[in-house]
Amino acid sequence: MPKSKRDKKVSLTKTAKKGLELKQNLIEELRKCVDTYKYLFIFSVANMRNSKLKDIRNAWKHSRMFFGKNKVMMVALGRSPSDEYKDNLHQVSKKLRGEVGLLFTNRTKEEVNEWFTKYTEMDFARAGNKATLTVSLDPGPLKQFPHSMEPQLRQLGLPTALKKGVVTLLSDYEVCKEGDVLTPEQARILKLFGYEMAEFKVIIKYMWDAQSGRFQQMDDDLPESAPESEGESEEEDDS
């Protein structure tokens, strides 16, 4: 009787070795960037969206961006003056908490600040986000939805029914009030009706100068991101 493919054993040693190699490659790549670029910026992300971050990577192909794997980045840069790769990089490591990333570039502080201050993209809010406005729906036909979606809309809490094959809202319905912390159902309804309430934004927080080794906080009047969490993001980095 032939063996099932599901019975195939996976060597944990090989898996661990591959993971170690990936981390080592990332460390080497980060240090190479430290040696190559004039400036290193730490950025945080509000309302993280992978697709939006990819757009920024494409716009900044002349530079390098790394996001996630905070602990590995800290090892690459150094956690203290005694093991830092270059002067003052341990100060960078201290700030690698939560959803933050690194931007290596030859663009000046002014160029970086100007570009990222202007760059914002709206997207649909997710559960846990705050509603930025009050949304109410008027009764009547909802011709944008096929009849097959009526049960789904009703399941989300909307007072709907099929009238002559057309999805119809039977009465006024308040989806959310400004300032509400959105539930999964509210977030889904807002997306179905096209309301974008989440602002994706990259906030430049700190800068390190490769030539002088100077580490500085960016202007205090820059908008703040959401509070940093103790955990680290596991998004894929650019390696």
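Heads up, the Cβ atoms here are built off N, Cα and C, so glycines get one too.
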- Message: By the record in Swiss-Prot, which of Ser82, Ser225 is the one labelled phosphoserine?
- Response: Ser225
- Task: Based on what Swiss-Prot says, identify which of Ser148, Ser229 is the phosphoserine one.
- Result: Ser229
